[in-house]
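Chemist: This structure is in structure tokens; I'll ask about it shortly.
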Amino acid sequence: MAFTFAAFCYMLTLVLCASLIFFIIWHIIAFDDLRTDFKDPIEQGNPSRARERIKNVERVCCLLRKLVVPEYCIHGLFCLMFMCAAEWVTLGLNIPLLFYHLWRYFHRPADGSEVMFDPVSIMNVDILNYCQKEAWCKLAFYLLSFFYYLYRVGATVRYVSA
């Protein structure tokens with residue numbers, strides 16, 4: 001059994017894709033937590049709980065921001081590895097999400113070093129819905145990619161007969 005550089009790339013990508021799936025699942029859980037915190041009518045009228053809700057939103061947004069750049073870098077590494085391994089079909093499948101990540105990164109708010117997920121704007125229902133839909137779409141993409149990479153690991157490993 002001989003491993004090629006492409007097989008190594010697929011194996012590494014398989015492991016990193018699993019970590020991206022966990023990142024995105026955490027995003028979905030965090031957005032759902034923000035949504036339920038936003039919709040709870042009993043807690044909306046409680047002023048003593050308001051400060052705690054604001055701190056919770058700030059904490060969640062801070063944690064979300066810490067996962068954005070690693071996600072973008074890992075996906076950029078995928079594209080770089082597939083380009084070096086001359087896996088053009090796989091690179092072509094990953095390029096649209098890479099361009100979206102670049103667009104999203106370069107169109108972040110200009111008022112600071114924060115990439116996105118501002119505590120004030122995230123509580124806007126439209127922005128929260130957009131972020132949640134984006135997370136579900138990314139989860140679908142990463143899950144499909146995971147199984148594609150799993151298939152390609154087996155397809156790129158060549159068995160050498162004796």
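One is the number of the first residue shown, and numbering goes on along the chain from there.
From the backbone N, Cα and C atoms, a Cβ is placed for every residue, glycine too.
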Chemist: Can Ala6 and Glu134 be said to be on one side of the membrane, going by the domain names in Swiss-Prot?
Modeler: yes
Chemist: Quick test of the contact rule: Cβ under 8 Å, at least six residues beyond the ends. What residues does that give for the transmembrane segment (73-93)?
Modeler: 4-6, 9, 12-13, 16-17, 19-20, 101, 145, 148-149, 152
Chemist: Same-chain Cβ contacts of the transmembrane segment (139-161) under 8 Å, 6 or more residues past its ends?
Modeler: 1-4, 6-7, 10-11, 13-14, 17-18, 20-21, 24-25, 28, 87, 90, 93-94, 97
